[in-house]
Structure formats: C-alpha cells, structure tokens
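Undergrad: What follows is a structure written as structure tokens; I'll ask about it next.
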Amino acid sequence: MSDTLLRVEDLSAFYGEAQVLRNVSLDVAHGEVVTLVGRNGAGKTTLLRSIMGLHKGTRGVVALDGQSLDGKSADKRARLGLGWVPDNRGIYATLSVSENLSLPPVVDKSAAWSLDRIYEQFPVLHERRDFPGTKLSGGEQQMLAMARPLRAGSRLLLLDEPSEGLAPVIVNQIGQIIRDIKAQGVAVLLVEQNVKFASTVADRHNLLAQGEVVASLDNDEFHSRTTELLEHLGM
Amino acid sequence: MTQFLQYTLQGLAAGGFYALAALGLAVIFGVLGVVNFSHGACYMLGAMISALLLEHFSLGFWPALVIVPVIMFFVGVLVERLLVQWLLRLDPLYNFLLTFGLTLLTVDIMKRQFGVSSLKYEVPAGLGGRISLGSVDLSIYQLFAAAFAVVICLLVWVGLTKTRVGMIVRAATEDAERSRALGINVARWVTPVFGFGIALAGLAGVLAAPYRAINADMGSNFIIILFAIVVIGGLGSILGAVVAGFLVGLVEAYGQGYYGQLSQVLIFVLMAAVVLVRPAGLFGREEAA
Ligand SMILES: Nc1ncnc2c1ncn2[C@@H]1O[C@H](COP(=O)(O)OP(=O)(O)OP(=O)(O)O)[C@@H](O)[C@H]1O
Ligand SMILES: [Mg+2]
C-alpha cells in the first residue's frame, strides 16, 4: 500500500453544459496538509463537493486509500473517513453546539476524539455547548465545523475557505488548529484564496485556474515564487 | 368574556388538529423535501376510518385513537415505498403532483363508496356535554381535544429534542444534503418519517371526527389552511408548524365567533401580514426562504 490517502485523477465537473473543472488530478498523503489555491469561481467548492459525492455532474476518479468512491453516496463517503467542512460552516441552527458535535456518527472509534478532548482543545465550545449552533461568532462556528469531523474520527478534512470572513487574529487561531490537527495524523485538503494563510499551514500546494491545476509545488517553492504565481492566477 | 373563553377553547381544539397535521407536513417536507398535498386527504381518511370502524366493527373513539394512526402509518409507508421514493431524485414538484393526484383519487373513491353526505359519529361517552366554570360553559370534548393535541405535540417535541433519532430528523429537516455529507444515512429515515407524518394527519382526523362533518370533502379546505399554517410558521420549521397551527385555530375561532363568514379571510390576512414582515415565516430562517 502506498502512502496516498486521497487520490483525485482526471476529475471533470459540469453545471449542465458548462465545464468548471478540467481533468483535475491531485493527491493527499496520510497526515498531510495539501491546498488547492484559486480565485473566486475557480471551481474550488465544486471540487470538494465532487469529492464528497454531492455534485452530480462529475467525471473521473476519486479514491480513498486505494478504494474508488465511484457510485458511493455522500453519507457512505463520510463514513469512510471524509470530513466535509463547507464554506458556510454548515452549523445547524436548530441544534445546540454539543448536538452539532455529536450529530455525525463515529466512523472510526480509535481515531474519534471524545467530547472531553474536543472541549479541552476548544474551550469556547465547552462554554457555549448549550447555545444554538448559529449563535456563535464566525470564528467559533468555524472551530465547531472543524471539530465536528474530528469527533467522528474522520481521516481527511475537506476545508472550504476556513479563513474567509474572519479577523486576522482568528485566522491565526484557525491556522494553529490545522497544524494541531495535522500533528494528530489527520490529513487536510484545504481550499483557499488566502495565499498567505495557506502557506503557513500546508505541505504542498495546487494552483487552480479556469478549472485546471496549473502548478503543483511544495511549500518552499510556493514561498519563493508567491508573487509570480499569484499574477499567473490573476489574484 | 364568556364568549371570548369559549372561542378560545374552540380555537385551541381546532388548532390542535392543525398543529398535529402541520407537524406531520413539516417533518415530511424537512426530511424528504416533499410538500405532501395529500395531507388533507389523510386527515379525511383518519376521520372516515374512525366512522367505519364504529359502524362495522363497533370500535369506538378510544380504540380508533390508536388503530387509525397505525393504519395511516402503514398507508404512508406503502405510498412512500411504492410511489414517492421513485420521484425523490427528481424535482420536488413531481412528488407534489403525485400527492395531488393521489388526493383527487382518494377523494373520488371515498365519494363513490360513501356518497357526499356526512357520516355520523358520536362524541365518546364521558366526553359529551358541557362543563361550567363559573359563568363560562365549555364543551368537554373540545377541552379534551385541545389538551390531547397539546400532549401529543409535547411528546413529539420531547422525542425530537431528547433522542438521537429526533436530532437526526431535526438536522435533516434543516438541511438534508449536509446531513448526508456528515455521514448520516438520511435515506433510512425517509420511509418511517413519511409514515409518521401521515399518521399524525390521520390522528388529527380521529380527533376531528366527533364534532366535524365527516365526508370525502372535509380535507380539501383543511389542506388549504394547512398550507397557510406552514407559510405562517415557516416552511421547514417544526416549532413554527405547531405554533402557527394553534395560532390559526384561534384566529379562525375568533373570526367565526365575532365576524361570521370572515374567519377564512382572516387566516389569509394573517398569512399576508406575516409574509410581509417576515418572508420566511415566523420561525423560518431567512436564508432558507
Ligand atoms: N449551481 C451552479 N450552477 C451553475 N454554475 C455554477 C453553480 N455553482 C457554481 N457555478 C459556477 O462554477 C464555477 C465554480 O464555482 P465554485 O463555487 O466551485 O468556485 P469557487 O472556487 O469555490 O469560488 P469561491 O471562491 O467564490 O467560493 C463558477 O464559475 C460558478 O459561477
Ligand atoms: Mg467556494
């Protein structure tokens, strides 16, 4: 068995006739943080939705641990270890914070964080455990959205622009959380527009422009060529 | 004052049927995304079956209160398995049309079998008559119906808020796709939830049987009011359905009491007012509208 946890190969996605992703290929190793960087409308969310099995017009290969996810429903994919953290955070307003945390079924007993451990890592969530989920601030909601799949024991988090709309201090906190998550051996596929933020948390980067991956590079290279790459992406 | 109390009780009793049925409509819409047009017909069936149980099997109100929801649950399961599930993948409009068609079919079959005149049903022994509280004279059955509906709504509420199944139903009601993406097998709950929602409509029918005219058409007006309730409460809000159910019951009763024929109009004036101020309904979330 190779080290690859998630493999995406030649993935194309369509909205009706319009093609928004063209033969996208990327992979994420166990415990690795990989980004997909691209500007507004580049197709980042669509890629995550395709990986989750939520986007109907998808062609190509998505495999987890060498096992193709083709034809598998979204809930099956989640139970195989994919932890989706949508761009709107996806917090339930009608559920309390603690209910939001315990809603997803535990997918891997040995990897799942206990509620106690979650609360230790995210003290605010403990403070607010009986609040309706959407009464939290944006940053707190983002933490809750990231804590939720950890509690379920997901092996790979799919983070959709976690830094969006948050103050710089909070963005730093989110960055630290991602590094902590990685230290626990959980892999992350991070979709971002915030290049600076992406470069503080990731091992490798994929640049997405007009639905195509135009460059794949490691973090050092990414650092040294940031300006040039951003121009290339039109950002 | 006396009149006011009487109308209030009438309103709460009628509101009880509405709340129960609207609750069923809300969970079905939430989990399946289906607007069940046949809900009024299911309410009618609940009342009709009660009358038939009495006539042919001498089974009165109390047994009907248990038997009818069970029968209606299985009717719901059957309809979902045989028909509704095949259309779930398509635009929700298809299931709306399906349930609309089923309504026409059911109503016409019942008309053919039992004619258009109303079937008889007695107020159950022990709940007949009136009770005097000071100067106010109240119908015992209406007191019972209102209290019973409140108790059932509370039970459902406890089930929804205190159990894991309830949490899943609430989450799926808020956003079914997201719940799936979090690993919840929403499909597994689709059939029981549909059956449960239909059973609630049937239960409302049983409660209505002793003092409403029981005939094939009794559901057609009911469904229109139910839709008004769902709009007022907020489509997809469980709490909204219950609160708006009682609210509309009260408005209708006061309307009937004080303004006669205007009562139906008042309901829709209320609906329009709510929609003007809060387009997503009293308990609906704005972005969901
Ligand atoms: N429901 C839809 N129907 C048609 N086109 C869509 C739909 N959703 C997205 N698109 C188009 O697909 C392209 C990719 O959208 P997507 O949301 O994946 O981009 P994104 O990279 O996530 O953007 P953002 O940074 O704004 O979140 C965009 O051009 C968008 O206009
Ligand atoms: Mg996006």
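Residue positions begin at 1 at the first shown residue.
For all residues, glycine too, the Cβ spot is worked out from N, Cα and C.
According to TrEMBL, the record shows the following:
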TRANSMEM  B:12-31  transmembrane segment
TRANSMEM  B:61-87  transmembrane segment
TRANSMEM  B:93-110  transmembrane segment
TRANSMEM  B:140-160  transmembrane segment
TRANSMEM  B:189-211  transmembrane segment
TRANSMEM  B:223-251  transmembrane segment
TRANSMEM  B:257-277  transmembrane segment
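Show me how these features fit into the shown structure, please.
TA: Residues 39, 43, 141-143, 145-146, 148-150, 152-153, 156, 169, 172-174, 176, 186, 189-190, 193-194, 196-201, 203-205, 207-208, 222, 225-226, 229-230, 233, 235-238, 240-250, 252-253 of the same chain sit 6 or more residues outside the transmembrane segment (B:12-31) yet have a Cβ under 8 Å from a Cβ within it.
Counting only same-chain residues 6+ beyond the ends of the transmembrane segment (B:61-87), those with a CB under 8 A from a CB of the stretch are 32, 34, 38, 42, 45-46, 49-50, 53-54, 94-95, 98-99, 102, 124, 127, 190-192, 194-203, 205-207, 209-210.
Long-range Cβ contacts of the transmembrane segment (B:140-160) within its own chain (Cβ-Cβ under 8 Å, at least 6 residues beyond either end) map to 9-10, 12-13, 15-17, 19-20, 23, 123-124, 127-131, 166-167, 169-170, 200, 203-204, 207, 210-211, 238, 242.
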Undergrad: Can you name the far-off residues of the same chain, 6+ from the ends of the transmembrane segment (B:257-277), with a Cβ under 8 Å from a Cβ of it?
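TA: The answer is 3, 6-7, 10, 225, 228, 231-232, 247-248, 251.
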